[in-house]
Amino acid sequence: MITGKLITVEGPDGAGKTTVLEQLIPLLKQKVAQDILTTREPGGVAISEHIRELILDINHTAMDPKTELLLYIAARRQHLVEKVLPALEAGQLVFIDRFIDSSVAYQGAGRGLIKADIQWLNEFATDGLEPDLTLYFDVPSEIGLARINANQQREVNRLDLETIEIHQRVRKGYLALAKEHPKRIVTIDATKPLKEVVSVALEHVLALLLA
């Protein structure tokens, strides 16, 4: 039985969501006694990390969009049963850096795959599990890509090599999801100073936990 809460973190490339999450968690631990788990997709467990390597390898430019989607779904399922569900059943607060919405935005809006097919696969992989809250960090594609190019410590992956048009479609996909699920998905302006973005994210998380 699930007694914990699931919060997902989403955003186009360069939105800074991972950095925000790194700063958010220590602040949250000062305010709540609940055990907190942070993890990521694709990855989080050994099998899913191996799948991540396949997906992001810059040499795999021939990867078909449906192959890409199915790899993400496989990684999601293994991660869920091995790590996420046990934590939720133990009453933990779980943060996932990317989850079901990424598939709809990237493989749906970005790659042009049928949204209904992606939603069915998400349902199949998660047994219908949905986040209690999704923090969507929004940033224009031009700014996001400029941040990526300016970050010399970041390892370039296959998705970073995509055209700006695909990144723009991904962002539109996210914005459409936010309109479709206004109670679950909170849109946060990620062009603001980092401290302000973290503060807004913290407010939304505390509102969920203290409701």
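Heads up, residue numbers simply count up from 1 along the chain you see.
Cβ atoms here come from the backbone N, Cα and C positions, even for glycine.
Note that the coordinates shown come from a computational prediction; the quantities given were computed from them, not determined experimentally.
Copied over from Swiss-Prot:
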- Gly11, Pro12, Asp13, Gly14, Ala15, Gly16, Lys17, Thr18: ATP binding site (BINDING)
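Recorded features from Swiss-Prot, shown on the structure.
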residue: Gly11; record: ATP binding site; Cβ neighbours (10 Å): 27
residue: Pro12; record: ATP binding site; Cβ neighbours (10 Å): 29
residue: Asp13; record: ATP binding site; Cβ neighbours (10 Å): 19
residue: Gly14; record: ATP binding site; Cβ neighbours (10 Å): 24
residue: Ala15; record: ATP binding site; Cβ neighbours (10 Å): 25
residue: Gly16; record: ATP binding site; Cβ neighbours (10 Å): 19
residue: Lys17; record: ATP binding site; Cβ neighbours (10 Å): 25
residue: Thr18; record: ATP binding site; Cβ neighbours (10 Å): 14
Three-state secondary structure, Gly16 (ATP binding site) (per DSSP): coil
Cβ-based neighbourhood (8 Å from the centroid) of the ATP site, residues Gly11, Pro12, Asp13, Gly14, Ala15, Gly16, Lys17, Thr18 excluded: Phe137, Val139, Gly144, Arg147, Ala190
